[in-house]
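Participant: I'd like to ask some things about the structure below.
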């Protein structure tokens, strides 16, 4: 249990670790889904290709979309992409980094599904059984069969129990031929995905390290800023509700006292602290205006506003400053698992 708890804490350490864990679980789920899937080829000339390629390609597409749905950053990306310009510009490099990061993680489960499917060979056997070279592997000069009848016989190769074309081509030979091709494609696909993952993960920072670091930093910043804004809104809503409830009960107690019902009164605890957390926003209209302002014109990313000059160019009245104020240097470090 301690090992599982440590793994769970690691997944919760940051957003990227959490999404890596989700993608790993989806990859394992895709293999379990394929092993539990009952593959039944229709064994008909016009339906084998559609069924085989459908099983090979449709589930990976669904898993790819599911990877985007389970990623919490998809809503953040859409919000950042669609929000107005406001006081803060939108960096296309950051948006591209966020989208590529989500796409890479969402591709893990589909890649596992395609790899397992090709290595198993059932889909390729079902889809391309009518393309078996009978001239090379079987008896192409078999009498009494037209071209259409040969296609119907070959379409029954995946269905061993109803296959009746042993005189044309042996079922074991055709299945072995198609499965070898499928496994070769599967290993080529695994090798291609491994090479692409290596290039993306290792060589991408080498060509544009500064741009890569900036994009990753501001991507993390947007995520952290959104979390802090949600926490601040939740804290304000809690304080607002607490003050509203206290005022309601104070009003009720005042009415009861006016009605000559003497009840013991106790001073509310932490009423001043809850009122301070409201930050001057004490009505619904003001709060709605603050939320709209946050969406439309987010504050600029500049913590030290410049000195406002007066008519003679200095902030002071006719007296220039003796020494320019040197801003304090601050250093921040951010560690992330990529």
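Cβ atoms here come from the backbone N, Cα and C positions, even for glycine.
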Participant: For which of the residue intervals 21-37, 72-88 does TrEMBL record transmembrane segment?
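Facilitator: Of the candidate stretches, TrEMBL labels 21-37 as transmembrane segment.
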Participant: Take the transmembrane segment (21-37) and find every residue of the same chain, 6 or more past its ends, with a Cβ under 8 Å from one of its Cβ atoms.
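Facilitator: Distal contacts: 7, 10-11, 55, 59, 63, 66-67, 70-71, 105-106, 108-110, 112-113, 116-117, 120.
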